[in-house]
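Contents: one structure, followed by commentary.
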Amino acid sequence: MAKAQKNFVCSNCGAVTTKWSGRCDGCGEWNTIAEEKPLSSAGPTKKTLGGMRGKEIPLSKLSTKESPPPRTSSGLGEFDRVLGGGLVPASAILVGGDPGIGKSTLLLQAAAKFADAGLKVIYISGEEASAQVRMRAQRLGLSEAAVQLGAETNLRDILTTLEKQEPDLVIIDSIQTMWADNVESAPGSVSQVRAAAHELVTFAKTRGVSVVLVGHVTKEGQLAGPRVVEHMVDTVLYFEGERGHQFRLLRAVKNRFGPAHEIGVFEMTGDGLSEVTNPSALFLSERDQPAPGSVVFAGIEGTRPVLVEFQALVAPSPHAQARRTVVGWDGSRLAMILAVLEARCGIPFAGLDVYLNVAGGMKVSEPAADLAVAAALLSAREDAALPKDCVVFGELSLSGSLRPVGQTENRLKEAKKLGFSSAIAPAQSKAGEKSGMDMRLMSDLVGFVGEVFGAG
Ligand code: TYD
Ligand code: MG
């Protein structure tokens, strides 16, 4: 009976179930579950391996001398930073992102830089014809770069070519277009994407080749998303940004060779992506006058301080159910902060629409931004602007007290560098005096409301 079991796989997170449902229990996405044939190698047939043993594998001590991997810098500083200081040989990297966000552009530019740095680079495009890629290279002023170009989707042919050419770096654009002829399902399905990624990563590890896989983030269930191969690779980078903005963030969500959560900032221009070495100045550039509802948060992204502006708008709601709209920050965290403001400070938001936005298309996930969000909400509600030269940071607990956050010194240094002169921070924040900033330390939200906005 169990023989004829059907297999349903979520194309977003790869969760496997035995029956179809409209919503994946694993990741909560709708309409991403589709039936799929199990891989042809049926896996173990018996419960145990039995008495027959394989060959012994060599074991070694932890203390074996291992020098740090030699890294190659691309010269694109922001890209190298996100990789953890350059490209590690024989590493597998996944670059995910929405279609059209600029993945191919970024990787073509990086490929050219790595080729300049002396690596043998092959760029395999499964989506565009060679002529199209060449045209883009021309537009980017890279037509002289020593990158070898191939347009192919058949994995067997690609691996044969790579075996022959012995490159240092291969870029596969994109993993969803690759197909292995030993797997019986359509290109882009979870089995195909997994099989192709597995083959390429294994090839990379055994031949000492670095491989970059491009993966489209997909909203519909037809194509498997990059998340289904995240566990196979060493480094997972996501390229994100708002369509209307020219800024693009390359974010490391996993990195076996460097810090995760590191970001690289780029700007999409008429001739490709250019690096943004001082992102704080960029995210704040839209701000000239202090406005009610606008608060500057001194944040940390990866290892680097970044100042971002939170903007809030609070208005009487015409609807029975007031709106809560958030861009660039977590919606449930906003609900929590509204609840704390109401319960601990007696400031109700019922009947008021609340809009919260992070300027410049940036996404913030640090809890240290709690106080900045609370300040923006209060400032918008009371229609009172915070001083123009003031930054805010601190984590809020449900009791309404403020918790100190890490890297206070770096946050203050960055703020000072950008011309800010005062900071509102949790009471126990160390390193405040040394910074030369005017520190206003608060131990709880009630005190903060009293001091900054009068009695509230
Ligand atoms: P692309 O790299 O093709 O995106 P992806 O590979 O992630 O699907 O980028 C496509 C977008 O980038 C397209 O909308 C045009 C824009 N673009 C520029 O603005 N300037 C440029 O120099 C290039 C090459 C692309
Ligand atoms: Mg592309």
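Cβ coordinates come from backbone N, Cα and C, glycine included.
The region 'Disordered' annotation in TrEMBL covers 39-78.
The domain 'RecA family profile 1' annotation in TrEMBL covers 68-217. Helix, strand and coil counts from DSSP across the domain 'RecA family profile 1' (68-217) read 63 helix, 32 strand, 55 coil.
Within 10 Å of the C-beta of GLY100 (ATP binding site) we count 9 further C-beta atoms, all protein chains included. According to TrEMBL, the feature ATP binding site maps to GLY97, ASP98, PRO99, GLY100, ILE101, GLY102, LYS103, SER104.
What TrEMBL lists as motif 'RadA KNRFG motif' is 254-258. Tertiary neighbourhood of the motif 'RadA KNRFG motif' (254-258): same-chain residues 69, 83-85, 88, 91, 230, 233-236, selected by CB-CB distance under 8 Å and a gap of 6+ residues from either end.
Sequence annotations record features per position, and here TrEMBL assigns region 'Lon-protease-like' to 353-456.
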CB within-chain contacts under 8 A for GLY97 (ATP binding site), separation at least 6: LYS103, GLY215, HIS216, VAL217, TYR238, PHE239, GLU240
Among ASP98, PRO99, ILE101, the binding-site residues whose C-beta sits under 6 Å from ligand 1: PRO99, ILE101
Among GLY97, GLY102, SER104, the binding-site residues whose C-beta sits under 6 Å from ligand 2: SER104
Listed in sequence order, residues with CB under 8 A of SER104 (ATP binding site) and six or more positions away: SER125, GLU127, GLU128, VAL133, ARG136, ASP173, VAL214
DSSP residue counts for the motif 'RadA KNRFG motif' (254-258), split into helix, strand and coil: 0 helix, 2 strand, 3 coil
Residues close to ATP site centre defined by GLY97, ASP98, PRO99, GLY100, ILE101, GLY102, LYS103, SER104, Cβ within 8 Å: HIS216, PHE239
Neighbour-count leader, CB within 10 A, binding-site residues: PRO99, GLY102: GLY102
